[in-house]
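Listed in TrEMBL:
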| type | residues | note |
| --- | --- | --- |
| BINDING | 101, 103, 107, 146 | Fe(2+) binding site |
| BINDING | 101, 103, 107, 146 | Ni(2+) binding site |
| COMPBIAS | 13-23 | compositional bias 'Basic and acidic residues' |
| REGION | 1-23 | region 'Disordered' |
């Protein structure tokens, strides 16, 4: 099942879990109302999307992954490994990933190894932390403010999926003037 919760206000090491006290877990339905979709390998937790039985160990030849890519038009993909030994300019990249930002396209990540956190803003602008580990697939909608960090293991290998050519541009907050943000805000109002 998804592991997501409201974050505390501490500004120390972002790789720590940062659970609010008392604990305020967040379920799949609340994430769905934010436009965030989450799947776990070999199990399906999103009732609005066809059943997908992914296998992170066989991602190179996984017919279910190919089916997802075809159904959702994910025509482009690559693999990124985030750790000190593999990612050039590691310290700089980690800081950039953790800056609050949005994209003009959906962000789709499939965790193949390791773990980390995606943080997303709720309707009241509070942070929700989503723990991601091997076999988890997440879709963040265009226009949502979010950020990413590794956990204390300092390693993740993830597949990045895109519709068409990838656009790597992140727009740091404030970025409310973009059409994607306006459409996302409208979506939030309608999903209440």
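Cβ coordinates are placed from backbone N, Cα and C, and glycine is handled just like the others.
Bear in mind that the values here come from a model prediction, so they are computed numbers and not experimental data.
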Quickly jot the same-chain residues contacting the compositional bias 'Basic and acidic residues' (13-23) by Cβ under 8 Å, restricted to those at least six beyond its ends, or write none.
5-7, 98, 117, 129, 131, 149-152, 154
Taking the Cβ of residue 107 (Fe(2+) binding site) as centre, how many other Cβ atoms lie within 10 Å?
21
Which residues does residue 103 (Fe(2+) binding site) neighbour through Cβ under 8 Å, counting only same-chain ones at least six apart?
140, 142, 143, 167, 169, 170, 171, 180
Counting by DSSP secondary structure, give me helix, strand and coil numbers for the region 'Disordered' (1-23).
0 helix, 6 strand, 17 coil
Here are some binding-site residues: 101, 146. Which one has the most Cβ atoms within 10 Å of its Cβ?
146
Chain-mates of 101, 103, 107, 146 with C-beta within 8 Å of site centroid, Fe(2+):
102, 140, 144, 145, 147, 170
